Amino acid sequence: MTSTGPETSETPGATTQRHGFGIDVGGSGIKGGIVDLDTGQLIGDRIKLLTPQPATPLAVAKTIAEVVNGFGWRGPLGVTYPGVVTHGVVRTAANVDKSWIGTNARDTIGAELGGQQVTILNDADAAGLAETRYGAGKNNPGLVVLLTFGTGIGSAVIHNGTLIPNTEFGHLEVGGKEAEERAASSVKEKNDWTYPKWAKQVIRVLIAIENAIWPDLFIAGGGISRKADKWVPLLENRTPVVPAALQNTAGIVGAAMASVADTTH
């Protein structure tokens with residue numbers, strides 16, 4: 001059965017459901033699924049394929065098309081990208097091929113899908129949208145900052161539900177180093193730091209962000225957030241910090257959200 005989405009389905013006695021489709025592009029895998037936009041839950045299973053190597057724009061676009069076609073989805077879709085994207089054009093490339101820089105990803109992916117409408121946005125921005133609507137930031141108005149701790153540090157800023165895209169706080173200079181050189185979880189692993197020692201570096205990054213924009217809430221994401229009990233209580237900055245709630249689905253959900261209400265820049 002082909003899904004045309006974004007769609008609204010009504011059943012007597014049931015609430016109205018809105019469906020969207022999201023793709024999350026990572027350095028090792030490309031995953032996608034249909035999302036219930038009323039609840040933020042995936043409908044059925046997701047499909048995950050290996051990211052092609054080299055991860056050129058055309059190779060990635062073909063893999064995305066394979067995922068989308070696996071669901072028979074024919075409507076608009078959202079796609080995350082691990083870097084800066086403005087007006088559909090890629091500006092940076094870290095975990096993918098450098099040939100992405102300057103590529104109109106929106107058009108390249110759309111062409112592989114026969115002209116389907118594509119919204120593309122930074123992967124951390126997508127996760128931030130999802131977490132503030134359905135996850136750890138739900139019912140928290142004001143200025144919310146998501147930080148994803150991994151190989152680097154990704155960031156998203158959402159103000160009263162509106163995304164401020166491409167913040168790139170991982171490249172903020174903190175004490176003579178970029179924030180991600182100081183406090184990415186990969187730095188902890190490389191140096192074999194204890195959680196208390198690493199937390200001191202995270203505090204420095206959080207304070208630098210606080211001094212710039214005074215957020216109301218930090219959401220800590222990335223794989224290390226699954227062990228938040230070991231380090232979040234050690235953070236002595238002024239703004240509350242909570243672990244991300246959606247984990248592996250946040251990118252797909254946020255991308256699907258963006259496809260329905262284009263929040264990109």
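Just so it is clear, glycine is given a Cβ too, placed from its N, Cα and C backbone atoms.
From a predicted model like this one, the values you see are computed outputs, not experimental measurements.
Copied over from Swiss-Prot:
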- 1-22: region 'Disordered' (REGION)
- 1-18: compositional bias 'Polar residues' (COMPBIAS)
- D24, V25, G26, G27, S28, G29: ATP binding site (BINDING)
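Neighbour density around each Cβ, counted as other Cβ atoms within 10 Å, peaks among the binding-site residues G26, G27, G29 at G26. Listed in sequence order, the residues I30, K31, T51, P82, N95 complete the 8 Å Cβ shell around the ATP site centroid, once D24, V25, G26, G27, S28, G29 themselves are left out. Look at V25 (ATP binding site): DSSP puts it in a strand.
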